[in-house]
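Chemist: Sharing the feature lines straight out of TrEMBL:
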type	residues	note
BINDING	A:74, A:75, A:76, A:77, A:78, A:79, A:80, A:81	ATP binding site
């Protein structure tokens, strides 16, 4: 029996369940894996050899592909990971063969404020400690791969400063003539290290590197992480890593990791990381944990490879796409599915009565402060008004040609009248609706949810992209803004206009994915605008390119690639029981 | 049949042998490990649960404990790791139950110039790729643990800058009043990143951290790595991590990771790293690979825990202590054995005819340049003269009360007359001598070597420290200088004198280990002085303290904690075969 989530913390529930969890060998047997396809890391976590698995199952049809996304969340989040785990557990209780696919969390938020991202209550991914503390080392591999690129760049700049062309030629080097003010690449570290946000490196003498401005970003925002999440296979990853633009030369020509002759070695650090990690839910269903890219400059969800593997190994793969459907699902739809060639069968839109009230007019809750008391009282009017936001996201899912399922992630203060209102409005809009109580009851609380998803997957669906690759960039951005965000149009600032012009001439641009940056707290670019904002234009101020990952990134918001550690960070409460070796205080 | 090392590169030999290597399950069975004592990482590397192994074998007597050290090396190195692997293979061929214990290499030298440190020819540790590229992630764990400490330090400094005492109190914080010019702790990264040697951090606004000078050191020089190598168990590691001094306050009082409330979380990242890694020789004997601390500010050898585990699992444990016996063996003797409470039975002093000639008068070879032609011709006179250095190291081993074995690491240009001269001089000094051809023939080439070691272990020995813990620091340093280095005495510079005075009053100092910093290229502090320098005084210019690791470090040389990446680094030749996933070009 699992512990009662109303009385125990998430990590206590996880720890108790871990005393009875399956070994990875048992999970492997359950999934029909050959011995060489399962690479154990200890007895409770494994890597899956994606190549062997995919090669030996080429003729096996894929399972049903279910994406879990959400309405526009409050700043507190609406329990999307918890719903994904709950759905996996619910399908498991219905004796379906099912796998989940979720992201690996970053060490930065885990040590700072966010908590574990493994779900919560009786719907979690375990074992919790490796999940939260680096797992099998993929993020560390990214750190080493990425920083090796910076070592190559900065030491090359130093040697070009110190040596003549003849001296360089003796070492088989041709001057790259890197412009010290046009370095695009930065260092990474997987913590919230604001002190490394703006730094000057290379101080000292001529053997101490080139002196210049530089910065550290959080590791999960790395272009290598973006590549890991969309790479089809090792060859594709190798090619993409070689295309990362690290700087421009004095003639403004782009210079890549391949120009630094470091792309092969960078890939060498990443070979193992390409294999997804196998974990399990609290109830023993297998979960692939892989990649954890930023949601703004990358897809913000688990990897193409993890989904492909899960679809071969199970009849249902429940994957998760970060934030609201305008951000997470849109990228799942037009980016990830384009890279993977996979067709989803259904998308779950997670909603809470809390978030609906917030969209309907209740005061916006603030993390760390007490919940406004309005949320404790029934208010059907606010819920109905807030459903406009939910209905907007349902329409987005329908534009992709697949079937929406609304999951009301139940909370004890929800009233029957409030839930009835949601059900009525969503069903009128053609969506299935399920109330799910996985947080409190695990898979047993998610049976209605599981059945709704099973039904939706059986129904006819015609998956289609919002735009094809012939569509010019400007038009793509406008389509996303109008059709997904509900904007009246798009305005391009001077920087964005200049970049658009330059990109028109670049033949590489056609195949690049379009990866929007916008707040997830509103359908618009303005976080405070709740519900479905009307009469607004999306202002795109800049357009970034990531030639390695293959993304064009139109920026209609702010991007912070290095969060700060707060004054009461989580690490204060984390410790180790030196008798048992167990880590305490992860939450 | 293994490949011919005169025709193939080390990585080709390793790759071929890996096609027939044992799985870790087979190795575990060979070692009598219970399933829960062996934590596989893939099928060919594992972690060993040190606690379970030691607890369940408390009453089992330890095996024979053999240290491999060397004469004062040339700048090219004399093949100490190769000899250690050769000895393990030789003992294996004699059907002895044997394990090796070596360090894990740093990513910095591997990507730069050094090569793999896994041995060479037919005496290597495999599989080579994980060995060279981070293994099971211990160095990454150190990086995360260490840098989390810096995140805690710098963000605390920021918050103390921005908040009043009252505001801090609300968060349960008391002002530490860190002096920004007295920060002792630095960041780490596991590459040769000279551009990060001298940096300014915290530029920007008040939420961007405290602006100050800072630096990155190479990860293996971290105090956490030093702690990993000497910790007795998890509790000991937890305590030591909490004692790391990160800075001084404005009243000049030391501040620790415990003051930052981050020591528990730092330990959490390190729990798994405390378990040694299990690999194997080319011929299938088990090898524990663990820790890789710097040889100057730390012990420069594999861990206490790895040796304790290997001595329980095998009848012979061959461990390695870096550089010459004056540096490596002295630390093994007076530091590592004191921490471990283990008594060695014999120490191997590795010599090459090349190094003996160098000590006897031949021109000093320079890495990267052709070998001086003198080394290709017989010169018994130089060899005999050079033996003085070897005899000095033999005496050092005898001072420890254990039996020396000289291993002549054979090279094809060695002549019978040269080898005869070494044999005669060493046997006259009471040392066993063996010529070993493991590089060319593997274990079959190391039978004489293995037999000499077996015999030496059976002989009576009376291990004793050079000094006891009652000996004052000044006296300890003098004893090491006179008895081990052959100096006439020690002179203390002004900084060192001031530190000595301060330390006399510090009650913690008595239990601290004394960990010397001196060049390994000469018995003296002057790298160019070969043979046995006479009439010299050791100049100690500074004395550092590492309260976490528990070391006092008298500095009689230079310490660079961040090497530079050269103009023709190894990463240029490293790549991945995208068909097979195999890494190519590690050497």
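Just so you know, the numbers here start at 1 and follow the chain as drawn.
For all residues, glycine too, the Cβ spot is worked out from N, Cα and C.
Since this is a predicted model, take the numbers as computed values, not measurements.
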Chemist: Around residue A:74 (ATP binding site), how many other C-beta atoms are within 10 angstroms of its C-beta?
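Modeler: Residue A:74 (ATP binding site): 23 neighbouring Cβ atoms within 10 Å.
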Chemist: Among the binding-site residues A:75, A:77, A:79, which residue has its Cβ surrounded by the fewest other Cβ atoms within 10 Å?
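Modeler: Across A:75, A:77, A:79, these binding-site residues, the one with fewest Cβ atoms within 10 Å is A:75.
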Chemist: Would you count the other C-beta atoms found within 10 angstroms of the C-beta of residue A:80 (ATP binding site) for me?
Modeler: 27
Chemist: Over all shown protein chains, what is the count of other CB atoms within 10 A of the CB belonging to residue A:76 (ATP binding site)?
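Modeler: Here the count is 16.
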Chemist: Does anything in the same chain, at least 6 positions from residue A:81 (ATP binding site), have a Cβ under 8 Å from its Cβ, and if so what?
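Modeler: In sequence order, A:102, A:117, A:118, A:119, A:120, A:125, A:320 meet the Cβ cut-off.
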Chemist: Is it possible to get the count of other C-beta atoms within 10 angstroms of the C-beta of residue A:78 (ATP binding site)?
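Modeler: Around the Cβ of residue A:78 (ATP binding site), 22 other Cβ atoms lie within 10 Å.
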